[in-house]
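Input: a single structure, listed below in structure tokens.
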């Protein structure tokens with residue numbers, strides 16, 4: 001049984017509307033907590049708490065701090081998006097010119113590549129729709145990042161205020177706020193993509209290949225914005241974080257988020273522009289590319305005469321439960337259908353095969369999540385061992401942390417490998433594409449738990465700056481420690497799905513470029529392979545150095561203020577917060593351009609000068625290398641962060657023996673955390689965008705490379 005077009009047309013937008021309504025309901029609950037209102041005794045608060053702190057003045061401080069963080073976040077994103085608007089305009093022109101040139105800028109319809117007896121849109125039309133899809137993807141990604149930032153800055157102070165009632169109350173608000181972001185962004189991305197397909201179909205008609213090739217521009221636009229958001233936001237937040245920690249904690253021996261620290265506002269702004277806005281754009285890009293990959297691979301293959309059910313990929317991406325995936329696979333797909341495999345015989349696939357493909361991605365993601373939790377949570381042995389290594393100084397802490405990161409790669413890679421082998425065996429590249437959708441089928445929940453971490457981190461910072469009781473800060477610290485783990489789990493999902501998405505896009509690129517097989521023994525492919533494997537290292541070096549340069553300027557500024565502002569350490573004078581915010585803003589906007597250009601220009605240069613075969617090798621090398629570096633970097637940084645928090649919390653006898661704050665072991669842990677910051681929040685998360693973005697960009701430009709690429713070899 002195959003569900004009809006009418007069902008698809010109703011179910012997909014209805015699912016998106018349900019997601020939006022659920023997000024709004026959660027937002028309404030969060031909004032009932034007032035910020036800035038003076039507490040009165042009949043609503044559960046007391047004017048003076050158990051530590052003798054006047055809650056009325058605290059509430060006013062909380063509102064003031066929240067406003068400063070919100071204004072700083074909005075100012076940065078507005079400036080960054082202005083730069084990105086210029087980029088989108090220029091790159092849109094490149095897409096249009098390159099693709100239109102394939103057909104000599106002709107307005108005449110042309111024979112279809114997949115069937116010479118049929119007429120397909122002109123090169124001008126195909127270029128136009130690809131460009132429009134790129135712009136829509138970029139705008140949706142921008143909106144995703146901006147909405148995420150607004151939600152987080154709305155929720156952080158409310159989480160702080162609820163922490164006075166207990167950890168449970170604060171957790172509920174932080175997670176509800178994360179759910180607002182998760183469901184709103186997932187539903188928004190689904191709805192925009194679905195409506196775009198419907199509108200494009202009015203022109204393309206039954207030309208599914210042309211339609212879905214144009215739609216790949218949507219994924220390219222989403223990931224392009226996500227790359228700059230992740231890199232720019234990551235440089236911003238880590239420059240502020242490193243400056244605040246090195247000078248504040250290590251040199252001046254003041255607590256984290258102490259209001260005397262000049263970099264504290266910039267640090268909290270960074271949580272929102274890097275961890276929230278960048279992550280929102282990143283996971284939206286993963287969703288867009290995985291869906292586009294499934295659509296493109298299916299359109300290249302042969303599913304018989306009726307291809308309307310291909311839109312069921314969008315349905316599958318909205319379903320969270322394995323049972324539901326089975327039902328949709330059973331009722332939403334033909335009992336059997338044929339998939340063309342490049343260079344091999346056509347493959348007959350059954351509908352239950354697709355269930356196992358989607359399920360393999362879903363369960364591989366779950367395994368990656370559990371492994372990430374094990375290696376980054378301070379409740380388990382690996383992080384506790386890293387914390388214990390701090391007894392002998394920062395050097396042993398660094399050694400143990402690096403070893404943990406390398407070891408944490410093993411199980412996720414095996415899980416991804418099994419999912420790839422099973423999916424390809426059952427349904428070729430189409431199976432891998434829907435496996436990526438399976439891994440992202442929990443996207444809304446993944447976004448929710450990922451956003452929860454930075455919101456809790458901000459809540460703790462606000463509690464410290466507002467002078468709230470020690471008990472409140474302990475509660476927010478507990479939430480923050482859990483948030484580090486949930487953020488690491490979210491990054492694990494993003495990296496794992498990036499591997500599957502990139503492989504599916506790679507398969508689509510090989511098909512579209514007319515490559516019969518990728519033979520790494522051949523010199524063109526092998527050269528591309530080894531250079532591609534190098535790219536993640538080059539990219540990581542650029543982003544790490546960018547963080548280092550920005551952090552250097554931040555450290556010097558924080559030292560200068562402590563040295564020259566009278567009364568700053570005594571707390572009688574306020575630091576110049578705006579100066580530190582400006583340093584992070586200027587550095588991130590300047591330093592995000594070179595690594596972004598590396599990723600965006602490499603496929604264009606390699607495809608144009610060296611041809612489609614060398615570019616195929618490049619994509620394969622970047623995929624294999626990038627996934628493993630990304631997992632290692634993210635987990636190493638997460639482990640160092642939670643090792644520091646393990647010592648600070650002192651929740652066990654072992655932890656107490658390493659502390660308290662300010663001890664030699666704690667200082668060694670702070671250094672490890674500082675080294676890990678750019679790994680887990682800048683380089684690591686950005687690498688999964690690198691491998692996806694280069695793959696989808698190569699697919700978009702594949703017609704141009706196939707027709708005009710390899711200039712150097714033609715001379």
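For all residues, glycine too, the Cβ spot is worked out from N, Cα and C.
Unlike curated records, TrEMBL annotations are generated automatically.
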Transmembrane segment per TrEMBL sits at which of 598-631, 632-665, 666-699? 598-631
Checking 261-284, 285-308, 309-332, 453-476 against TrEMBL, the stretch recorded as transmembrane segment is 309-332
The residue range that TrEMBL labels transmembrane segment, out of 52-76, 352-376, is 352-376
So, do the transmembrane segment (428-449) and the transmembrane segment (352-376) meet, by the test of 3 or more Cβ pairs under 8 Å (sequence gap 6 or more)? yes
Go through the chain and flag residues at least 6 beyond the ends of the transmembrane segment (352-376) whose CB is under 8 A from any CB in it; none is fine as an answer. 316, 322, 325-326, 329-330, 333, 382-383, 404-405, 407-408, 411-412, 415-416, 418-419, 422-423, 426-427, 430-432, 434-442, 484-485, 488-489, 491-493, 495-497, 500, 634-635, 638-639, 642
Sequence-remote contacts (6 or more beyond its ends) of the transmembrane segment (493-514), Cβ cut-off under 8 Å? 213, 216, 282-283, 286, 289-290, 292-294, 296-297, 300, 342, 361, 364-365, 368-369, 412, 415-416, 419-420, 423, 428-429, 432-433, 435-436, 439-440, 442, 446, 612, 615-616, 619-620, 623, 627, 630-631, 634, 684-685, 687-689, 691-692, 695-696, 698-699, 702-703, 705-706
By Cβ distance under 8 Å, which residues at least 6 away from the ends of the transmembrane segment (397-422) in the same chain are close to it? 356-357, 360-361, 363-364, 367-368, 371-372, 375, 382-383, 385-386, 389-390, 431-432, 435, 439, 492, 495-496, 499-500, 503, 627-628, 631-633, 635-637, 639-640, 643, 668-669, 671-672, 675-676, 679
Per the Cβ filter (under 8 Å) with a sequence gap of at least 6 from its ends, the transmembrane segment (170-203) is approached by 9, 12-13, 15-20, 22-24, 26-27, 29-30, 33, 121, 125, 129, 133, 136, 140, 143-144, 147-148, 151-152, 154-155, 158-160, 162-163, 211, 214-215, 218, 222, 276, 280, 283-284, 287-288, 291, 311, 314, 317-318, 443-452, 455-456, 459, 475-476, 479, 483
